[in-house]
Every structure is written in structure tokens, then in C-alpha cells.
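Undergrad: My structure is below; once you've seen it, I'll send some questions.
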Amino acid sequence: MAASAATMQFIFVRPSTRAVVVRPSMYLPGQARSVGFHVRCMAENQPESSTTPETNPIRTPAPAAFTPPPPPPKPKVSTKFSDVLAFSGPAPERINGRLAMIGFVAALGVELARGDDLLTQLGNGGVLWFVGTTVLLSLASLIPLFKGVSVESKSEGLMTSNAELWNGRLAMLGLVALVLTEYVNGAALV
């Protein structure tokens, strides 16, 4: 804003004919208040023709050209190995959650298809599948993180990064519950 626009001038405009009567017991006994004028505010650099009273004293100002401030810069994502794989880093819980989601669905699928419990599945060649899936999914999860891509930048709509975390946590709990249930029952869940 220019310095001249910041200086304001008050002009008394058209006396009002309306009087407000206040009950005598409210403020001072025997006193009444009345409003005798309206106050209009205008900038100093406006033309003088706008100071004349109009038939409509309430005007809405023209919208000023507003430029929104630029968005704040995105925080730098650390690509150091120790930061990515730190206990509170972006990789460990996400990778474990992704592995648990795949493992839980695969374990239930094999139980429904063949009727084998989880320990039987691991004994019948499941360890090789487990190791292969772990390596492949871990590398696929770590490569974007080491390139500086954050998980939050790729989450939109229904599949957000928080939804993935909660689904992974529930799958981890489900996998543990499946193992404990099969251990207590001594047989497959299904």
C-alpha cells in the first residue's frame, strides 16, 4: 500500500432522523441518547466527487487485486540411509505393514484353497516365497525414499499414507492373531 492510501479521513454525512431512547434506569436517571449523524470513512487519494452524499450511504468497496502468497517450500526429505531406516523414519513401519498386508492375505488365501495352516505353508516352500517377497517389496519401497520422494506426496483421495499405515498395523495384528489362533487350536483357522 502507498503511504497516502494509509491516511484516512472521516466525514460526517447526512444527519439521521432516528432517535434511540434508553430507559432512564439504565445509564443515568432522566438521560436519553440519540444518534444524530453517520460516519463515513474514505481514503485521502479518492476524488472529491465521492464525498457528496448519495441516496445509498452504504457502499461496498471494490474488490482489491489480491495476490495470494506463494506456498511455503516443501521440507527437504532426508535421503541418508540412517534417516530413512531410523526407528521413527519413513521406511520401517511402512515396509513391515506392506509385508504384513501381503502375508496376511496370502496366508488366508492358501488356507482357504488348500486348508494348510501357516506353519505348514512355511514348511512347504513358503520360506522361499517369504524371502523373495520381502526383498522385492523392500527394494521397491526404499528406492523412491532414497531418491527424495516422500510417501505423503504420492497419497491422494481414498488411498492416503495414513490409511496405508493403519491398514498395515491391522494386518500385522491380524497375522499375529492368525498365528496364535492356529497355535491354540492346533489346526488351520478355516
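Using the three backbone atoms N, Cα and C, a Cβ is placed for every residue, glycine included.
TrEMBL feature annotations, pasted as is:
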type	residues	note
COMPBIAS	46-58	compositional bias 'Polar residues'
COMPBIAS	66-75	compositional bias 'Pro residues'
REGION	45-78	region 'Disordered'
TRANSMEM	125-146	transmembrane segment
TRANSMEM	166-184	transmembrane segment
Undergrad: How do the residues of the compositional bias 'Pro residues' (66-75) split into helix, strand and coil according to DSSP?
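TA: Secondary-structure composition of the compositional bias 'Pro residues' (66-75): 0 helix, 0 strand, 10 coil.
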Undergrad: Using a Cβ cut-off of under 8 Å, list the residues of the same chain at least 6 residues beyond the compositional bias 'Pro residues' (66-75) that approach it.
TA: 153
